[in-house]
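Database features, via Swiss-Prot:
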- 1-27: region 'Disordered' (REGION)
- 7-19: compositional bias 'Low complexity' (COMPBIAS)
- 52-95: region 'Disordered' (REGION)
- 60-85: compositional bias 'Polar residues' (COMPBIAS)
- 223-250: region 'Disordered' (REGION)
- 231-246: compositional bias 'Polar residues' (COMPBIAS)
- 281-632: domain 'PDEase' (DOMAIN)
- HIS356: active site, proton donor (ACT_SITE)
- HIS360, HIS421, ASP422, ASP531: divalent metal cation 1 binding site (BINDING)
- ASP422: divalent metal cation 2 binding site (BINDING)
- 654-678: region 'Disordered' (REGION)
Amino acid sequence: MSPGPPAVGGVSPPVMVPGSAPPFQPTHQYFQHHYHQTPPGKLRDRSPRLSAEMRKNRDTATSSPASSGVSIQQRRGSTTQNSGVGSIGLPVLGGRGRGVMSDGHMQRTFHEAMRQRRTSLPANSLSLNGAKVTGSSLSEAKGLIADMLMNKELPGNVASCLRAVTMLLEQRPLPLNGLLNDFGLPSVVENPYGGESMVVGASKPRISNITFSTVTSATGLPTVPAEPNKARSSSYWKTEASPSNNNEHETPVDLLRKISVSRKESGTHVDTVVTTIDGQRYDTRELDTDPDLAETAVWSFPIFQMSRKHPQTILSRLTYNIFQQAELFRIFKVSPIKFFNFFHALEKGYWEIPYHNRIHAADVLHGCYYLSAHPVRSTFLTPKTPDSVLTPPHPHHQHSSIMSQLSTLELMALFTAAAMHDYDHPGRTNAFLVQVEDKKAILYNDRSVLENHHAAESWKLLNKPENHFIENLDPAEMKRFRYLVLEYILATDLKQHFEIIMTFTERLTEIDVQVETDRLLIGKLLIKMADINSPTKPYGLHRQWTDRICEEFYEQGDDERRRGLPITPYMDRGDAQVAKLQDSFIAHVVSPLATAMNECGLLPILPGLDTSELIINMEHNHRKWKEQIELENGGSYEAQITCNGGTAVNGVIEEESASTSDSPDPRRDSPLDSDLSQ
């Protein structure tokens, strides 16, 4: 069959095939739908009526019975080649023929289609000219976003989105990205304190730091829940006239004295005597003058000395003291009766076991307070842009504390989570509960079993009407408070240890304290450091905690032996390896976290010292354990006796008064003694 007449306008005319169905005749709707152009003399009509007719004609043509008996070759029809070079064939609707368009016509058609495209749809990924984004374009984009953020009337969700886009546009080096590589850690580290494997490697893919809800806006963008923005959310910022406003030379001890004096002068006291629902009596005036509680600003806080004086109320007493110092009673109108009801019931829910008891909970709470209250030398704790919801610190402050950068709601959540974080701990590890198919492991699907249990059970306790001390929070604050508490508690699972450290080091140069997720990340670091702080304490305290964790491990080993299970490493009472346990724990778990926080200036440094006392104590304690390992491996009995002026029992060096809870000075044998005396 000879070809038909030449194509006109780039579209082949219909070709008749003997015995076939009538040729397809392009209609007005056909041109509009396929080529985005209007036949001569026609105006565009996008009315719903024509759209419906077009769909009807298309369906009729497709299902026409006349085409049912036509061969594939007949339905395909003939192809008319255009005289232009490089033409592109376009399929004809219904598959009855094929036409061609020139390159120029196709380009015009594409641009016309882009002009008609809905602006709410995702951006098209095709590029006809292959243009690339330049640095100047990025700078211009960041400038435009900065100008938009200057508008104080922007909705909260829009401002959050713009800040997130600004961070994505930043391209800065990550100085601590390879920090974990410096420790020579293997890809998988066995957790000596839990018997589980911890993965050391690249962090998970970057997750947006914005929490989106369902798509409800007219533009198709997901909405962002607005952050509570109340005066009290940033009320921990102190004015110059505030009695608790510190200068660069003040210490938290000075602040405690000022707060106490100010409280007495103003008469702003909670009820003098509070009696809980179970009859426990608290005298708040006595709590305000407790000499042990006056030492909360010291890292070597005498926790065991206080526990001997108040064995059943140590956690509630310490929590009251810290809440008072942070002025949380006044800011959130906390009921003293409900406060003591909850925290006393909470401490009663801790088991009488060697390590994971109410003393450990109080120690973690103290660690969170110490790390957040002392000034640190981190550069990213200063607000970076003028649209911050937080008031900037005093311009003459050389250093700022983490406490001054967190909202009071975040502070209360951090302190509450620290007190709750090991509630109802049975003295067994997650791995043990999974292995014996404990009901808690079944309930939480073997994932963060104990951490989920602590969070769920302690929150149930808090929700009791007589314990609900957060009753004056509004719904948004309540939701945020619960979210923060759960995140902080779940972060104490050591299986997340390296993931949190990697996330922090990767975001180090981008961290902005105005961003909720960055403040949450800092809070996770604080509670994690407080939870494993034992090796960073003076040796006297560290040795007491070591004896306690070993005894709890031995009890699990005894249980495993009774059940006929393999005994977890370091938990066999007949094969004590205390020095190796602590060496592994410090090298693989504590040191990476402490070093990362110290490198970025998140650990407090006392006046007169070049580095944090936590790092000094950790290195000192680690050296002592490594020396003991060397002696156990090859040292003589006489060498063990004379080492460090201590005595040796069964090959284990014991310094005098170091491992007894009656030691009057918890700083005994600390390398800081000589430094501070100088």
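Keep in mind that glycine also has a Cβ here, set from the backbone N, Cα and C atoms.
All features noted in Swiss-Prot, drawn onto the structure.
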| residue | record | Cβ neighbours (10 Å) |
| --- | --- | --- |
| HIS356 | active site, proton donor | 23 |
| HIS360 | divalent metal cation 1 binding site | 23 |
| HIS421 | divalent metal cation 1 binding site | 28 |
| ASP422 | divalent metal cation 1 binding site | 25 |
| ASP531 | divalent metal cation 1 binding site | 21 |
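A Cα-Cα distance of 10 Å separates the residue listed as 'active site, proton donor' from HIS421 (divalent metal cation 1 binding site). Under DSSP, HIS356 (active site, proton donor) is assigned to coil, being neither helix nor strand in the three-state scheme.
In sequence order, HIS356, ALA361, VAL364, ALA418, HIS425, THR492 are the same-chain residues whose CB sits within 8 A of the CB centroid of HIS360, HIS421, ASP422, ASP531, the residues recorded for divalent metal cation 1 being left out.
Classification of HIS421 (divalent metal cation 1 binding site) by DSSP places it in coil, neither helical nor stranded.
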